[in-house]
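K.L.:
I have a structure I would like to understand better, so I am pasting it below and will then ask my questions one at a time.
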Amino acid sequence: MTIDINLLREEKGGCPAKVAESERRRGRDPAVVDRLVAADRRWREATYNMEQGRKDLNAVNKEIGQRKKADPKAACEDLVSKTAEIKRKLQTLEAEAAEAAQTRDRLLRGIGNIVHDSVPVSNDEAHNKVVRTWGTPNRMQIDGAPGRMHHHEVLARLQGVDFKKGVEVAGHRGYYLKGPAVMLNYALIQYGLSFLMKKGYIPIQPPYFLKKSVMAAAAELKDFEETLYRIPHDSTQQQPPPQQQQQQQQQQQQQQQQQKGAKTGAAAGAQQQDGGDKDDLFMIATSEQPLCALHMHERLDQKQLPLRYAGSSTCFRKEAGAHGRDCWGIFRVHQFEKIEQFCLSSPEQSWALHEEMIAAAEEFYQSLEIPYRVISIVSGALNDAAAKKYDLEGWFPGYGDFRELVSCSNCTDYQAREFEIRLGHKKENSAPAAAAAAGAAAAAAAAADSKPFVHLLNATLVATQRCICCILENYQTPTGVRVPRALVPYMGGQEFLHFPTQPDDSSSSSSSSSSSSSKREP
């Protein structure tokens, strides 16, 4: 994913200083922008000189032809020598252009989206700006007694999970969700979809894995090592070390950036790059990724926008580096369900739509009666695609703190550029008069790059496993868990989940290890 290169070209209306300031806000060295501009200038100069050189070569070849036509025996050594010199210069210029393009594209890949002016500037998330709060947090003392337990302890008392067998069959953080926890999980999914459909969202269940070339356009480079699960097309092949994978990924992205033709962007070269069905596959970490690709290489009429999708999927994440309290119970796991808001918008609508999406998430958690706060994430903590991001954090009595439940980002045209999703009319299969067709084709070709890209926005509505954790802590009683009123219709009318009287040790290994982790936490 990259920003528009024209943002760095002053003669195209760009402002390199604005890009440099955005990088500074992200906590990066803004000097990289100067190096990028210099590399782009070298590439354009070399390309221009190559074009002039080819014109000169054609002119000399034409002169040789005319001289031979006038006199077949005419001497042309001077012109032949001149063509050889031009060809040598062209070879040098081609090498210079290739080197400059490689440097430019590598640096461009490291530039994030332009940070919105309203984003708080800091590298420390302690400076995230609290935008608003709702509800009164329950500040009860969590001591393990009935009605005052951590979420994983409540889940164990409900006999809603089997960690022991889950770890045995699936490895670290594997689990079987059981009984009342399954019912809560599906109630949240059904309620979430119903909630968004009433707001005009179209429910979509996307593919759970993507081709490597498509995932490269949807995810950041670091995600391939830290987050994404890979399914090699030939499972007998040995996977290269992470550093080698990263180098290969960078090379592919540079090749994709340099591709010319009707299709552009990393996703455009899918068949050529990866050999069709021989492509590696990657499990999705969020339905945002396949939904980004839903309209790739398409032109969308402004009358269609905004498009609102409710993505429903299982998500898969390595969650590398997670430790301590984040690993209690099902708070942070490798496999979970999520309902996602995903919208495509015109540039003029996107910021109003961003506010609409976070408001929808707030309404959802108000209906669950979970106290929360909305924060604006500091510039240094934004991922590359986001120009601005809100988090909605729900209150967890067990942590004595607010924890993330929702992430809501406006990625403007950063992702759409990679997937080549523009505003405009779809091409019609009409057959006008030849002259008119030729004129229209020329005009279309000239204006192709002037069509603006759509803006893409995403926001969690509910990641069900984590939301279950929040519900268990806020709705627990000494004898069980009350069901939030909004979920009762989706729980078959059940209003209360009683703790079973018979003990069950299927979650004991996880809860005991979690307790020991708790003692190590500051």
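For all residues, glycine too, the Cβ spot is worked out from N, Cα and C.
Whatever TrEMBL says is automated annotation, not expert-curated.
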K.L.:
Quick check: of ASN185, ASN410, ASN458, which does TrEMBL put in the same L-serine site as THR286, ARG317, GLU340?
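P.N.:
Matched candidate out of ASN185, ASN410, ASN458, per TrEMBL for L-serine with THR286, ARG317, GLU340: ASN458.
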K.L.:
Which one of 6-40, 76-110, 146-180 shows up in TrEMBL as coiled coil?
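P.N.:
Going through 6-40, 76-110, 146-180 one by one, TrEMBL flags 76-110 as coiled coil.
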K.L.:
Would you give the longest CA-CA distance, in whole angstrom, between residues of THR286, ARG317, GLU340, ASN458, the set recorded as binding L-serine?
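P.N.:
The L-serine-binding residues span at most 18 Å between Cα atoms.
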K.L.:
Just the number: how many Å between the Cα atoms of HIS334 (ATP binding site) and THR460 (site 'Important for serine binding')?
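P.N.:
So the alpha carbons of HIS334 (ATP binding site) and THR460 (site 'Important for serine binding') sit roughly 17 Å from each other.
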K.L.:
For the recorded L-serine site, enumerate neighbouring residues of the same chain (Cβ within 8 Å of the Cβ centroid of THR286, ARG317, GLU340, ASN458, site residues themselves excluded), in sequence order.
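P.N.:
Result: ILE284, ALA285, SER287, GLU288, GLN289, GLY311, CYS315, LYS338, THR460.
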K.L.:
Where LEU405 (ATP binding site) and THR286 (L-serine binding site) are concerned, what is their Cα separation in Å, rounded?
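P.N.:
So the Cα of THR286 (L-serine binding site) lies 14 Å away from that of LEU405 (ATP binding site).
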K.L.:
Name the secondary structure element type, per DSSP in three states, that contains SER407 (ATP binding site).
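P.N.:
Once the DSSP labels are grouped into three classes, SER407 (ATP binding site) ends up as strand.
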K.L.:
Quick one: which of these binding-site residues, GLU319, PHE336, SER407, have their CA within 10 A of ASN458 (L-serine binding site)?
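P.N.:
Cα within 10 Å of ASN458 (L-serine binding site): SER407.
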K.L.:
List the Cα distance (Å, whole number) between PHE336 (ATP binding site) and ARG317 (L-serine binding site).
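P.N.:
So the alpha carbons of PHE336 (ATP binding site) and ARG317 (L-serine binding site) sit roughly 9 Å from each other.
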